[in-house]
Every structure is written in C-alpha cells, then in structure tokens.
C-alpha cells in the first residue's frame, strides 16, 4: 500500500457497461444526452483534469454505440457479460498491468460530478494512507442507493434491495465513486470472484474486505447537487435542468443577456458573443455559434448554425445555415442546410430557404420557397416567389443575378437564370433565361421591354427600389 501523501500513479475506470433498465429505453443509459452531450462524457470530462496515466471505460451493453461517442483519450474495455460492477472492475484490472498505483473508479451515470470533488476524494485517499476510499453523502431522499456504515476502518455498503428496514432509515449513501490501491483491490476482487456465489459481483463487497486488511474510509460530498445520479427519466430531467442552469450562468457571466432562463435551452457546445440577447423559448444546439450584438428569439431553434455579429433571428428554425453580419431572419422562417445569408440580407416571414446563397442586401421578404439557388447582391424577391427546383428525378439550380426583381407569385422553373437588373411581372412562370436589364411577364414569361430604370446606374436602381 502507498505511504500517506505519496503520489503514486493514477489510473481511472468509468463503469459504462450496464443497460439501465429503469430508464425503460432501447438505448444504453450512458448514451442518453444532457444538453447535447452523452452522459458518460460528462464523467470523462470530470476525470480528465486529474491527468490519469490511462482512462479506461468498461463497455458492455450496446458496446459499439458507446465506443462511438467516447473521446479519443478514453480506452474502451469490453465486459462480455454484464455480471455486476465487481466483474466490470475485474475486467478493467486485466487491462492494467501495473502492480502499484491508485485506481479511481467512477460510475458512468453521475453527469454532475466535478473534477474538484474527484480531486478532493483522491487527496483524502492519499493523505489517509488507506486501501480504499468511497464517496458518500447524507441525502434527504436516499431511495435506490446503497446505505453506508463506517466502523473502525471498515466500510460496509448494503444495497437497498438487500437492506433491512433499520438500514433503509440510514441516509448515508454510496455515490459509486471510489479510490483504491491497486494491490489491495486485486486481492479483494479475487475473493469476491471466488466466494460470492451469486449472479452479480458487487464492487461494494471489496470495501469490507479491504477494510479488514488495511482500512477503508469515506469522503463526504460537499456539494449535494453533484449527488444527482441518473437511473430513470425523472432523474435525467432533473440533472439536465441543473446542467442547463450552469451553462446559462456561464454565458451570462460572459456578457450574454438571457431574458428567461427557465424557457431557454442552450447546449454545452454552443458559443455566444457578448451583448447578444437571447429571448424566451430559444433552443441553441449542436455546433451553433452566435456572434456579438445579436438578438435571437423568441421561439427560435438553431442547430449547427452560425449567426454573425449584429444579426437577428426571430421565431425561426435554422439547420446547418449561416446568417451573415447584420442579416435579419423571420419571423417564421426555415433555413435548411447549405443556406448562406450574406451581410445585410433578409429572409422574412413564412419563407423556406435550402442550399442557397442570398447575396449582400438581397431580400426574400415573405411567403417564398427558395431551394438550390444563387441570389446575387441587391436583389428582391416578391411575395410568393417559388423556385421549382425538382423535376421528379434531379435537383436543378436557379440563378438570380445582382439587382434582379421578381414580382409576387412568380414561379422559376429550374434550371433558369434571371439576368442582372431584370424584372419579372407578377404571376410570371419563368422556364427560360431572362436577359439582363429586361422585363418579362406572363405564363410562360416573355420579354416585353427593358426593365424599369435599365438605363440608370445600378446604384440609382437600388435606391429607387422598394421592398415588395
């Protein structure tokens, strides 16, 4: 056993092999997300600052799916049969050849645990010079957790299903985090493996065995909020609420205004610049990045979307889109993947835009579908402009050049190009290219004369044009 205060090598194991039957889910418990992050990755993130020599994750149920979400510095170790936490640690020990060191064992269903608490547990273990240390807390509602008794260096943990009525009245609970001296743990694991005589092997049994040889102690959790383990959907919601509040607090401390934290949901991966205002009912998810001085919401849902400085997005949905500096979106717009709005552009009420670039200062103000299109600068699409981009077999592109203007209820049958400065009359159905500077009307559209202001400079036309 290591001497008190010595810094022996640290190894870490996350137990993530269980099914989580109380979740009543087809998905392994540790794969359930909180604020966009799989539960198990919060635990790994708390361990990482301790800089272990190796960080192992024991996988079993849906092993491939769990492996797929693990970060690169986490080493998966397969538990072929889920025979309890004791067997999971035995499997992990087989992957650690070192004889000396400290093994930190953490359950994968505690997403609120902090690196600070893990560091304090480790410090308590090393300074006490004991064989094992377990994290405990006295909880107002200990339902579902093992009860802990400590007596003269021996720690006994009784699972709730095995506890007597008197033991259940004990509110000192095991939180599933341990520090072990490797030699002591290896010996104790062999004893429960050979003598337990039951289907599952409980890691908690090793504490009493180690305590009889070299003492085991407890460390009491200081922040009870971290004791929120996840075993069912209610506990999942409670833990996510706490994480969501932490995320919002962090953004507000960095200069972001959140008008209603109760109705605002921001995932851990989202970035927001200072002096941006987030209005009620807003969801920001995935790789979304919001610049400075933006207004987002109310009732807006953005996923993997970039919003540059000074832009506004209200009552709208964005998926894999980019909103340029000072651009305006909404209300009730839908930006689909591949949409790029350049500086000062606008996509207004009841518009859907997909795989389209909208040039600087161009406007799609209302009631339009624009898909697979390239819109130049200073163009204006009248209400009800539709790009018919799909012929039943292939998607085709529409090009609307700088300064072009479409009247209301215009249909553009792709592939088609509307030339620079061209005008389309209301109700036009365009199935052929329209030359620059011409006015076309009708169904099918035909050129009848020069567009209004065709002989003026483009700047004059831009100043004269009003939004449809």
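A Cβ is built for glycine as well, from the same backbone N, Cα and C atoms used for every other residue.
The structure displayed is predicted, hence computed values, not measured ones.
Residues or ranges marked as region 'Pyrophosphorylase' by Swiss-Prot on the basis of sequence analysis: 1-233. Residues or ranges marked as Mg(2+) binding site by Swiss-Prot: 109, 231. Swiss-Prot lists 234-254 with the feature region 'Linker'. Taken from Swiss-Prot, the feature region 'N-acetyltransferase' applies to 255-468. According to Swiss-Prot, the active site, proton acceptor annotation covers 366.
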Going along the chain, which residues at least six beyond the ends of the region 'Linker' (234-254) come within the CB cut-off of under 8 Å?
23, 32, 34-35, 42, 111-112, 225, 228, 261, 264-268, 272, 274, 278
Under DSSP, the region 'Linker' (234-254) has how many residues in helix, strand and coil?
20 helix, 0 strand, 1 coil
Let's check the environment of residue 231 (Mg(2+) binding site): how many other CB atoms sit within 10 Å of its CB?
16
Under DSSP, is residue 231 (Mg(2+) binding site) part of a helix or a strand, or is it coil?
coil
Check the DSSP secondary structure of residue 109 (Mg(2+) binding site), expressed as helix, strand or coil.
coil
